[in-house]
Amino acid sequence: MARVLPILSTFLLCCALVSCQDSRDKLEGVDVEEVCADRPADEYFRLDTEGDCREVYRCTKSGLKEIQCPSGLAFDIMKQTCDWKAKVTNCDEKEKPRKVKPILKTDEPICPEGKLSCGDGECLDKELFCNGKPDCKDESDENACSVDDDPNRAPECDPTQCALPDCFCSADGTRIPGAIEPTQVPQMITITFNGAVNVDNIDLYEDIFNGQRQNPNGCSIKGTFFVSHKYTNYSAVQDLHRRGHEISVFSLTHKDDPNYWTSGSYDDWLAEMAGSRLIIERFANITDGSIIGMRAPYLRVGGNKQFEMMADQFFVYDASITASLGRVPIWPYTLYFRMPHKCNGNAHNCPSRSHPVWEMVMNELDRRDDPTFDESLPGCHMVDSCSNVASGDQFARLLRHNFNRHYNSNRAPLGLHFHASWLKSKKEYRDELIKFIEEMLTRNDVFFVTNLQVIQWMQNPTELNSLRDFQEWKEKCDVKGQPYCSLPNACPLTTRELPGETLRLFTCMECPNNYPWILDPTGDGFSV
């Protein structure tokens with residue numbers, strides 16, 4: 001059910017203003033200046049706690065705008081989105097709690113050099129601000145820590161200090177690596193899937209990646225799989241890896257509380273992502289150190305803590321940050337320098353510090369049916385969150401229009417991100433995707449590659465006419481050997497962490513003692 005939230009929030013933002021007369025009556029006598037003083041423009045709040053919890057307001061230049069959730073839903077003040085009424089527990093609250101902010105911008109310095117002022121005027125060392133634990137008495141040092149506000153934020157892109165292969169940045173994110181002419185840049189397309197790999201979707205993956213569809217360099221097309229643990233068949237993951245696809249992690253528990261991810265500690269991210277990698281390596285027998293990417297569940301980025309963990313654990317890239325639909329799409333970038341676009345998406349908890357990690361940014365898709373005519377709509381990051389796509393024809397238009405947006409501008413990689421269940425929900429979706437892939441492969445400048453292969457090309461930008469011999473893409477070209485086992489072990493397992501559940505773990509490896517989970521990722525048993 002949690003996955004419905006982004007759609008509901010889009011509905012909320014797009015829904016027409018209603019109950020105009022009621023709204024006018026309610027606004028009579030409201031001091032707009034007082035209500036809107038120091039309030040962020042994107043914050044929704046209630047004027048009273050009477051009624052059915054559907055009405056909220058926000059401040060605009062022309063006054064207060066009322067928005068209503070659809071019938072049956074209520075507005076969650078903390079999450080700032082509509083949700084099912086039974087799940088909203090703050091109908092008695094008018095607004096999000098206001099936090100005390102530090103005093104960072106003043107005409108004259110009020111603290112000695114190297115120190116900054118807390119909200120109450122106390123001066124503390126600059127390094128203590130936004131370090132994850134409150135040091136000011138009023139705790140204000142942890143309340144202005146966004147990408148724009150963090151006093152210790154990463155610097156703006158400096159091309160003289162940022163050189164490939166280890167660092168890539170540009171002022172607005174649209175620059176092509178290696179300053180290659182767009183016509184000489186391969187149009188890379190990444191097909192990614194989120195979630196468990198099992199009997200529900202293996203046939204879909206066999207269908208799309210049947211080994212017969214080849215890129216212009218003679219190698220079969222490849223995809224990237226962000227694997228979550230529960231219900232995954234690890235013998236199937238092992239075979240996807242054998243066939244040259246990229247396996248990445250999507251967490252161990254996939255907890256459905258979005259705040260768990262947004263506010264997760266370093267240790268939470270470590271247990272979830274490094275723990276998930278440990279399980280995949282062991283039970284899918286992936287021993288080549290190739291699991292180096294991750295995506296946050298619900299795209300709930302975990303701020304600096306997530307990226308500190310990634311650097312310590314040698315994760316090369318994250319693929320959770322979305323970039324709003326713009327005129328020109330954005331290339332992936334490293335986080336040594338400040339990210340080149342607004343922190344978009346769920347909870348706005350992007351990393352503000354410098355990190356030695358690549359960001360495989362998710363460019364939003366333009367979902368308009370007729371881009372030359374339709375009014376602009378908010379973009380969508382997962383294909384299945386393009387809620388207006390309801391037929392194969394609409395899906396086909398979405399694919400081709402977004403391909404052209406990338407191909408005819410700076411040829412930034414086009415990401416097509418799916419949950420397998422959406423593609424399987426209608427046969428025409430699967431057919432249209434395959435038709436699109438086959439049409440693209442008739443060109444000599446379009447390649448379906450993994451996320452890692454995109455980074456490899458960016459680290460060594462190579463023109464189209466030399467790509468046939470591009471060594472980094474040749475490594476995964478030939479499928480090696482036969483499937484490791486034809487009949488995997490179907491291990492019926494339990495764990496104290498999930499009382500009352502017996503789960504089957506499918507693996508070509510030996511069965512563990514327990515079902516692997518967050519405190520016991522190897523399944524060997526709890527260490528005291």
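For all residues, glycine too, the Cβ spot is worked out from N, Cα and C.
Copied over from TrEMBL:
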SIGNAL    1-20  signal peptide
DOMAIN    33-93  domain 'Chitin-binding type-2'
DISULFID  Cys111-Cys123  disulfide bond
DISULFID  Cys118-Cys136  disulfide bond
DISULFID  Cys130-Cys145  disulfide bond
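Distance noted between the C-alpha atoms of Cys136 (disulfide bond) and Cys111 (disulfide bond) is 14 Å. Of all the disulfide-bonded residues given, namely Cys123, Cys130, the one with the smallest number of surrounding CB atoms inside 10 A is Cys123. Remark: of the disulfide-bonded residues Cys111, Cys136, Cys145, the most isolated position is Cys111 (fewest other Cβ atoms within 10 Å of its Cβ). For Cys145 (disulfide bond), the nearest of the disulfide-bonded residues Cys111, Cys118, Cys123 in terms of C-alpha separation is Cys118. Looking only at the domain 'Chitin-binding type-2' (33-93), the predicted model's pLDDT averages out at 87. The Cβ of Cys118 (disulfide bond) lies under 8 Å from the Cβ of Pro102, Ile103, Leu124, Cys136, Lys137, Asp138, Ser140, Asp141, each on the same chain and at least six residues away in sequence. Here the C-alpha separation of Cys123 (disulfide bond) and Cys130 (disulfide bond) works out to 14 Å. Residue pair Cys130 (disulfide bond) / Cys111 (disulfide bond) shows a Cα separation of 18 Å.
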